[in-house]
Every structure is written in C-alpha cells, then in structure tokens.
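What TrEMBL says about this protein:
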TRANSMEM  39-56  transmembrane segment
DOMAIN    84-122  domain 'Homeobox'
DNA_BIND  86-123  DNA-binding region
DOMAIN    131-350  domain 'TLC'
TRANSMEM  136-155  transmembrane segment
TRANSMEM  180-199  transmembrane segment
TRANSMEM  278-301  transmembrane segment
TRANSMEM  321-342  transmembrane segment
Amino acid sequence: ILKTLNSWFWWENIWMPINCTWEHFVDRDGLVFPKPHQLYATIPCAFVLLIIRFFSERYVAIPLAKALGIKNVRRVKPQPNPVLESYFRECSKHPSQSEIQGLAKKCNCTVRLVEKWFRRRRNLEIPTVLRKFQEAFWRFSFYLTSSIAGFIFLYDKPWFYDIWQTWVGYPFQTLLPSQYWYYMAEIGFYWSLLFTLGIDNKRKASGLYLLASTSFFPPSQDFLAHVIHHLAAIGLMSGSWCGNYVRLGTLVMFVHDTADFWLEAAKMFNYAHWEKTCNMLFIIFSIAFFITRIILFPFWILRATLYQPTYYSTTPVIAYFLFNGQLLILQGLHLYWGYLIFKILRRFLCLK
C-alpha cells in the first residue's frame, strides 16, 4: 500500500509538464536540480537554529531587555500540593467558591490559603514580559536576517526585476547554492517553531501565513492552529522545492519576511513601554504590509503563478492548481489581516 501511495504521490503528471519524467532531472552539463531527499537537511538545520536561538535569547536578548528597562519579575511559586495541582490541571484553573471550600476541607487548610494557591499557580502560567521579549527578539532576528539574505541572493537575479524570467527554461532551471540555503533556513525555521510550540508562550494565532486564527478558533485550540500554520508553511515551501518552483518560492518568502521583522520590533518596544517608538514601528509595519501583501503579492507573485504559466504550457499540471489554490487562500488572509490593521490604524490616528 505504501509503495502504491508513493508511486501516486510522485506521478510525473502531478509535478511537471507533459513529456517530462524524473529521469530528466538528473544533474548534468552543469545543471543542478532540487531533489526531494534534500529536504531531510531541514531537520538538522532546525536544531542548529534552536541552538542559535538559545544563545541569542540568553546572551543578547536579556542584556538588551535590561538596557531597555525590562525587569525580570520573579513570581512566587505555590507550595507543592498534589490535590490542588491535579484539580488545577484536570478540572479548572478558576474554581468557584463552593469548589474552593470543598478543596479546603479535602486539603485540611483554610479557604484563603486555597485561593492564594490558585492565584499564584495561575500567575505561573502567564509568561513574563522578559520571556515575551526574548521570543520577539528571536523572531525579529531571524526575519531581519532572512530579509537581508534574501535581498543579497535576489538583487542581481533577472527574475527579481522581470517576473517573466521565473518561467524561462522551466522546468530545467538550475538550482543555485544561495537558493538551496535560503530554502533550508526558511523550512528549518518553521520546523524549529513546531518543535518548541509546547514550551513557547501561548500566543494568539497571528502568524502571517496562518491558515487558522483565533477569530475562528477558541483560545484552547491555539496550539492546534499554530500546528496547522507551521505544517502548511512547510508543505507549501517543500512542494515548491519538489516542483522546482524555486525562483517563485524565493520571491514569495522574501515578500513575506520583509514586513514581519517590523512587527516583531514593534512588539519588543511595546514590552519596554517605549510607546512612541512602538507606534512608529507599527506604522512602518503597516506600510510594508500593504505594499508587500496587498500590492506586490497579488499583482506580482499571483500574476506570475496564475497567468504567465499559460504561455509556456497549454496543459497545466495538477501542482499548478494545488499551489495556486494555497496562494489564493493566503491572499484572502492577507486581505482579512489588512482590514484588521486598517481598523487599528484608524483608531490610532483618529482616537490617539
């Protein structure tokens, strides 16, 4: 069964134009093609990023936070109590007064002590401002680095200025070393976010690729929403790698990363209570978001993925519909998030 499913998944008509087979994508005559098995390298890349994250959060983010005036608040831990801990985890974090009285009798202590225990235990679940700052700093560092690296990799490429060049010679387009490392780093980053979901702060589902947000999911399902988001991002990038849509893939990644680091920078200064700086950074983020997501993505990227392939092939492959379907869903989310950002800006400018 697995062998049959594997043969169906790698059927040539799904991935490449007619009369092309996987045998055509053997490296030859100076041409190097992306290979699906190379995606295994994204897993060790994710662990390398986790190591970099650990040291950057500890030895860069913490001193920077202190310089910005963010203090590390130490919360008092409640006394170990297996009965109350079990009730907190399995029943309710906010017990009613009658439930508190029952727990007080069961633990042979006063109602006030039980209330105090639950209050301290709930406080432990709330991430400190320093911890939030550390995570925002890591995402800011990665998005800024990937944006700079993406520009360096793309600025001298003809398809960065002429989008038609993304299809010239397709599917026999050679893979450049810069494209390889760009993909490995981006996919590895989303693997690393997936690996740390259990220990990261429970944030609202607001990723810029997110296929499910807290507008549609209750807070208890934020974890699932982030899992869906990260897997969708990994799947979309991995699929574009296997289909050799690398030129377009790098453009999509660059367009998205260039706005993200402004948002993370605004968060960092918000945690430090630098209100004017935070507001200015959010305005810059809003401008970058509207330029990249509302203008460039639909009129530049989607035009290249939907319209231009018809000039090079009269029989679109299945991957054409799969990838464009995901990109259209992504653009729908861009419009939704753009509407929310516009509402925030209007309140900010009109109501101060």
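Every residue, even glycine, has its Cβ placed from backbone N, Cα and C.
Helix, strand and coil content of the DNA-binding region (86-123), in residues and according to DSSP, is 29 helix, 0 strand, 9 coil. When Cβ-Cβ distances under 8 Å to the transmembrane segment (321-342) are tallied for each of 136-155, 180-199, 278-301, the top count falls to 278-301. Tertiary neighbourhood of the DNA-binding region (86-123): same-chain residues 75-79, selected by CB-CB distance under 8 Å and a gap of 6+ residues from either end.
Averaged over the DNA-binding region (86-123), the predicted model reaches a pLDDT of 83.
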